[in-house]
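The structure appears right after this line, and notes come after that.
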Amino acid sequence: MTAATPVTTTPPLTPDKPTAASVAKKRLSSPWASLAAIVLAVLWTIPTFGLLVSSFRPERAIKTTGWWTFFSDPTVTMDNYKAVFGEDGGVNLASYFVNSLMICIPAVLIPMALATLAAYAFAWINFPGRNVLFIVVFALQIVPLQVTLIPLLEIFVNIDLTGTFWTLWISHSTFALPLAIYLLHNFMREIPSGLIEAARIDGAGHVSIFFKVMLPLLTPALAAFGIFQFLWVWNDLLVALVFAGGGDEVAPITLQLANLSGTRGTAWQLLSAGAFVSIVVPVVVFLLLQRYFVRGLLAGSVKG
Amino acid sequence: MFNTASTTPEKILQMLAALLLFAAVLGIILFIAAKFGGRRGDKVVAWLYLLPTVLLLAVGLIYPGLRTIYESFFDAAGKNFIGLDNYGTIFTDKDQLTVLRNTVIWVVLVPFVATAIGLVYAILVDKSRFESFAKALIFLPMSISFVAAGVIWKFMYEYRPDQGNVKQIGLINQIIVWLGGKPQQLLIESPLNTFLLIVVMIWIQAGFAMTILSAAIKAIPDDIIEAARLDGVNAWSMFRKITLPSVQPTVVVVLTTIGIATLKVFDIVRTMTGGQFKTSVVANEFYSQTFRADNQGLGAALAVLLFILVIPIVAYNIRTLRRSEAS
C-alpha cells in the first residue's frame with residue numbers, strides 16, 4: 001500500500017488534438033502498433049478463456065484433450081456447474097457463495113460509514129491533536145496485514161468470537177479504515193469551504209451539515225471506495241484463512257476454491273466451474289461500475 | 001447473535017442484526033453530537049466522530065502490530081525470550097535464504113515488467129477506436145481473485161506424462177510439444193517455477209499499471225506535443241523526450257505500488273504450489289511457519305520483516321512525490 005498517490009485527473013478527450021502517445025503510435029506505422037496491441041490482448045485473454053471453455057466441457061474431455069480441441073469437437077455440458085453447486089459432490093459452492101455475500105455487505109458498509117465520519121472530522125472540524133492523529137491514521141496504511149493477524153486472532157479467541165462472521169466483519173472493517181479515511185478526506189477537502197461556512201452561519205450543526213451538505217456530494221467517492229472494498233473482501237484469502245479457516249459455515253468462496261485446488265488439484269471439471277462461479281460477481285461489479293473503480297484507483301492506488 | 005450461524009436464513013438474520021447494531025451505535029453518536037452546537041462543541045463532535053475509528057484502529061491494528069514485534073523475539077512456542085535468533089534464522093537457514101532469494105526475484109521482476117507492459121499497451125491503444133474495450137481486456141485480471149488467477153494459470157501449466165497416446169491439456173506444455181520439445185513438470189522444476197508464478201502476478205498487475213499510466217499520458221499538455229510534432233520529432237524521440245519524462249513521476253508511483261503488492265503476495269504461491277518446490281516467499285512463509293510449522297516466533301519475525309521491507313519503498317515514494325510537488 002503506497003501511502004500517497006497523486007490524484008491524476010483525466011482530462012476530457014479532445015479527438016482532434018493528438019496526444020504524445022498517439023503521435024508516437026502513428027509514426028510507428030500503425031499496422032505494427034495494432035498488431036502488437038492485438039497480440040498482447042490475446043495473450044492476456046487466453047488463460048481465462050481456456051478455463052472458461054473447459055468449464056463447459058465433459059469431465060472426460062477436459063482430462064484427456066486440450067481445451068483448444070473444443071473447436072473441432074464441440075460438446076457442451078452444464079454438468080460441471082451442477083457438480084460444484086450440488087450437495088453430493090462435496091464442493092457445495094452455493095453455501096460458500098452465500099458466505100462471501102454475508103461477509104462482504106457489512107465489511108463494505110461499516111468502514112464506509114465510519115470512515116466518512118472520521119474524514120469529516122479531519123477535514124472540517126478544528127480540534128487539538130488533529131494533525132498528529134491524521135498522520136498516524138495515514139501512516140497506518142503501510143502496516144501489512146500479516147503483522148496484525150495472530151494477536152487479533154488471540155483477541156477473538158479470548159472473547160469467544162472465533163468461527164463467526166464477526167471476526168471477518170471486524171477485521172476487514174478495521175483494515176479498510178486508513179485507506180478509506182485518506183481517500184474520503186482528500187475528496188472532502190476539495191469541497192469549497194464557503195458551502196460549510198454558509199451552513200454554519202445559518203445555524204446548522206455538524207450533524208446536519210454532514211447529512212445535508214457533505215453526503216450528497218460524496219456519492220462518487222463513496223462509490224469508488226465501496227467497489228474497491230467489495231472487490232478486496234470478496235477476493236481475500238489470507239484474512240479468511242486465518243479467521244474462518246476452521247469452519248465451513250463462515251468460509252468464503254475463495255477459501256473453498258483454494259482448498260479444492262489443494263486437495264483435488266486435478267479435478268479440473270470442478271476447479272474450472274468453481275473458478276468461474278467465484279469470478280462472476282467481481283467481474284460483473286467491475287464491468288458495471290468500471291468508471292468508479294478506475295477513479296478509485298487513480299485517487300488512491302491499491303491496498304494490501 | 002454472536003454464535004456461528006449455520007443455515008442461510010440464520011446467516012442473513014445475523015447479518016441484519018449486525019447492521020442494525022452498527023446503525024444503532026452510529027445513531028447514538030450522531031444523537032449526542034447533535035446536542036453540541038456552535039464552535040465550542042467542535043471538540044466534542046470531532047472526538048465522537050472519531051471514537052469508533054480510533055477504537056478499531058487501536059485494538060485491530062496498533063496493538064496487534066506492536067504485539068507481533070514483541071513476539072518476534074520469542075521461541076517457537078512463544079515462551080522463551082531468544083532475542084534476535086528468529087531474525088538470525090531468516091538470514092542463515094538454507095530454506096529461509098531460498099525464501100529471501102525468491103522474494104527478491106519477485107520484487108525486482110514484477111513491478112518493472114508489469115509497468116513496462118502497461119506503459120507500452122497504454123501507448124498502443126491510446127486514441128484507438130477500441131480503446132475502452134482493449135483496456136478492459138487487460139484490466140479484467142485485476143478484478144478477479146489471486147486464487148482464481150492461480151487456478152487459471154495452474155491449468156495453463158498443467159502437465160501430462162510424455163508417453164503413448166497421452167495428450168497435453170495445458171496450453172504451455174502443448175506449445176512445447178508442438179515446437180518439438182518434451183513436456184515439463186513446469187511447477188516442480190526450480191528455479192523455473194518461481195518465474196512461472198511471477199508471470200501470474202505480472203498478468204494481474206499490468207492492467208493496474210496501464211490504467212494509471214494511460215491517465216497520465218492523456219494529461220500531457222497538448223501544446224508540448226503540438227510543438228514537438230511541428231519540429232518533426234520521430235516516434236521514438238517523442239516517446240523518450242516527451243511521453244516518458246511527462247509520466248515519470250507516475251511511473252515511480254506505479255512501480256512502488258506494485259512492488260508493495262508483490263512483497264505481500266501470498267495467495268498465488270499458496271494456490272499454485274503451496275510454497276513447495278522452493279517457491280515460497282516471505283508472505284507465504286509467514287503463514288506456513290505460523291500455522292503449519294507452529295513456529296509463532298519465526299512467523300512473527302517474518303511478518304515484521306515484511307513491514308520493514310515496505311517502509312523504504314513508501315519513504316522513497318513520498319520523497320519523490322514531495323519533490324515533484326515542489327517543482
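Cβ from N, Cα, C; glycine included.
Taken from TrEMBL, the feature domain 'ABC transmembrane type-1' applies to A:97-289.
Marked as transmembrane segment by TrEMBL: A:32-53 (among others).
Under 8 Å from some Cβ of the transmembrane segment (A:100-125) lie the Cβ atoms of residues 133-134, 137, 165, 168-169, 172-174, 176-177, 180-181, 183-185, 187-189, 193, 196, 206, 209-210, 214-215, 218, 222, 225-226, 229-230, 233-234, 240, 250, 252-254, 278, 281, all in the same chain and six or more residues away from its ends. For A:100-125 (among others), the entry in TrEMBL reads transmembrane segment.
Under the heading transmembrane segment, TrEMBL lists A:132-153 (among others).
Annotated transmembrane segment per TrEMBL: A:165-188 (among others), in sequence order. Panel annotation: around the transmembrane segment (A:165-188), residues 1, 7, 102-103, 106-107, 110-112, 114-116, 118-120, 122-124, 134, 137-138, 140-141, 145, 148, 152, 156, 214, 218, 221-222, 224-225, 229, 232-233, 236, 239-240, 243-244, 250, 252, 296, 299-300, 303 of the same chain, lying at least six beyond its termini, place a Cβ under 8 Å from a Cβ of the stretch.
For the transmembrane segment (A:209-234), the residues of the chain that approach it from at least six positions outside its boundaries are 100, 103-104, 107-108, 111-112, 115-117, 120, 124, 172, 176, 180, 183-184, 187-188, 191, 195-196, 199-200, 252, 254, 281-282, 285-286, 289, 292-293, 295-297, 299-300, 303, judged by C-beta separation under 8 angstroms. Residues or ranges marked as transmembrane segment in TrEMBL: A:209-234 (among others).
Summarising the annotation, TrEMBL assigns transmembrane segment to A:267-289 (among others).
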